[in-house]
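Chemist: The structure's right below; bear with me while I get my questions together.
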Amino acid sequence: MKILRKNHPLLKIINHSFIDLPTPSNISSWWNFGSLLGMCLVIQILTGLFLAMHYTSDTTTAFSSVAHICRDVNYGWLIRYLHANGASMFFICLFIHVGRGIYYGSYVLSETWNIGIILFLTTMATAFVGYVLPWGQMSFWGATVITNLLSAIPYIGTTLVEWIWGGFSVDKATLTRFFAFHFILPFIIAAFALVHLLFLHETGSNNPSGLNSDSDKIPFHPYYTIKDLLGIFLLLLVLMILTLFFPDILGDPDNFTPANPLNTPAHIKPEWYFLFAYAILRSIPNKLGGVLALILSILILAAFPLLNTSKQYGLIFRPVTQVIYWIFIANLLVLTWIGGQPVEYPFTMIGQIASITYFAIIIILIPVSNTIENNIIKL
């Protein structure tokens with residue numbers, strides 16, 4: 001068996017990726033979230049596949065087909081809520097994974113980092129089109145508001161929006177194509193994840209100390225397979241608690257009402273994992289400016305490798321940048337809170353301050369703190 005896994009063309013790839021992979025001996029539990037994201041993707045694809053067997057992408061029957069899944073299909077309620085809450089778990093793991101990458105300087109591995117940003121954007125797109133499918137009030141109005149943002153693009157905006165809608169409003173054509181996108185995108189995410197791993201294994205993982213670990217590597221199996229299994233069991237425990245005890249806690253009550261184009265909800269807001277970007281969008285009074293800020297709020301992650309001037313790897317020995325990093329995390333939480341609040345004083349003002357702070361920390365404060373720390377090292 002040992003000879004087979006090292007020589008067989010297919011098993012050799014698996015062996016080099018998950019068994020004999022040389023891994024730093026000191027990586028902490030923060031490195032577990034990559035495998036947890038893989039687990040979340042598997043859960044989402046499997047539950048989504050079973051949901052797709054019973055779902056109908058037609059405006060007249062979409063809402064009732066979701067109700068039918070929950071009421072009449074064997075364990076349909078469980079599959080539906082595993083899928084809905086699985087998306088939340090996916091984004092929790094994703095945010096922690098990106099946060100760990102920023103803290104420990106993983107953005108230095110630029111190819112892996114940039115593929116990760118593409119994965120992040122693709123996952124957000126998948127979640128957005130998926131949120132439209134139950135065809136509740138918030139699904140419909142969320143789709144209308146977010147797709148309508150493209151009309152801010154000069155010259156081609158209106159045509160582009162009508163092209164995406166497949167008509168002059170969000171209707172049957174929109175729902176059908178969103179279902180098609182939602183079905184295919186997870187498989188594209190899986191393909192990108194393999195490319196992400198490919199680039200990671202070219203350079204090897206970094207580690208919490210930020211020091212070169214070439215002289216201190218251990219095989220991935222059994223040490224980290226056991227560690228990842230513990231993480232997977234804990235993830236499943238949290239997901240099952242969420243699904244079985246609090247299935248609707250992260251959903252929107254408006255989505256229990258079928259979509260009605262003639263009745264606008266009091267506060268249109270996306271799912272919780274988009275609220276930080278939604279708050280940035282709303283904080284700019286100009287429509288085109290808001291859309292650009294929304295896109296930049298994610299794409300600015302690509303600036304980390306370019307703005308990095310530090311002579312050290314990661315933040316473990318950099319107290320000044322550590323403080324700025326935790327202010328950045330707190331600021332993100334404030335943006336998430338503001339995104340779910342109505343557009344009125346004082347929330348608009350807090351949102352504008354938090355949005356400016358978000359970009360200022362990445363573009364100004366972190367590079368300045370890097371320079372300060374480099375000068376301290378010279379002393």
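Including glycine, each Cβ sits where the backbone N, Cα and C put it.
Marked as heme b b562 binding site by Swiss-Prot on the basis of similarity to another entry: HIS83, HIS182. As annotated by Swiss-Prot, heme b b566 binding site applies to HIS97, HIS196. As annotated by Swiss-Prot, ubiquinone binding site applies to HIS201. What Swiss-Prot lists as transmembrane segment is 33-53, 77-98, 113-133, 178-198, 226-246, 288-308, 320-340, 347-367, and the listing cites similarity to another entry.
So where do these features actually land, and what's packed around them?
Modeler: Its own atom aside, the Cβ of HIS83 (heme b b562 binding site) has 21 Cβ atoms within 10 angstroms in the protein chains shown.
In this view, HIS97 (heme b b566 binding site) is surrounded by 20 other Cβ atoms within 10 Å of its Cβ, with every protein chain counted. DSSP assigns HIS97 (heme b b566 binding site) to a helix.
According to its DSSP assignment, HIS201 (ubiquinone binding site) is helical.
Tertiary proximity for the transmembrane segment (33-53) is limited to same-chain residues at least six positions away from its ends with a CB under 8 Å from its CB atoms, namely 69, 79-80, 82-83, 86-87, 89-90, 93-94, 96-97, 100, 182-183, 186-187, 189-190, 193, 228, 231-232, 235-236, 239.
Under 8 Å from some Cβ of the transmembrane segment (320-340) lie the Cβ atoms of residues 99, 102-103, 269-270, 272, 274-280, 282, 310, 347, 350-351, 354-355, 357-358, 361-362, 365-366, 369-370, 372-373, all in the same chain and six or more residues away from its ends.
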Chemist: Between HIS182 (heme b b562 binding site) and HIS201 (ubiquinone binding site), how many Å separate their Cα atoms?
Modeler: 29
Chemist: Far apart in sequence but close in space: which same-chain residues, 6 or more away, have a Cβ under 8 Å from HIS201 (ubiquinone binding site)?
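Modeler: Set apart from HIS201 (ubiquinone binding site) by at least 6 residues yet with Cβ under 8 Å, we have HIS16, SER17, LEU21.
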Chemist: Cβ pairs under 8 Å with the transmembrane segment (347-367): which stretch of 77-98, 113-133, 178-198, 226-246, 288-308 has the most?
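Modeler: If we count Cβ pairs closer than 8 Å to the transmembrane segment (347-367), 288-308 scores highest.
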Chemist: Going along the chain, which residues at least six beyond the ends of the transmembrane segment (113-133) come within the CB cut-off of under 8 Å?
Modeler: 55, 57, 62, 66, 87, 90-91, 94, 98, 101, 106-107, 139-140, 142-143, 146, 170, 174-175, 178-179, 181-182, 185-186, 188-189, 192-193, 195-196, 199, 270-271, 273-274, 298-299, 301-302, 304-305
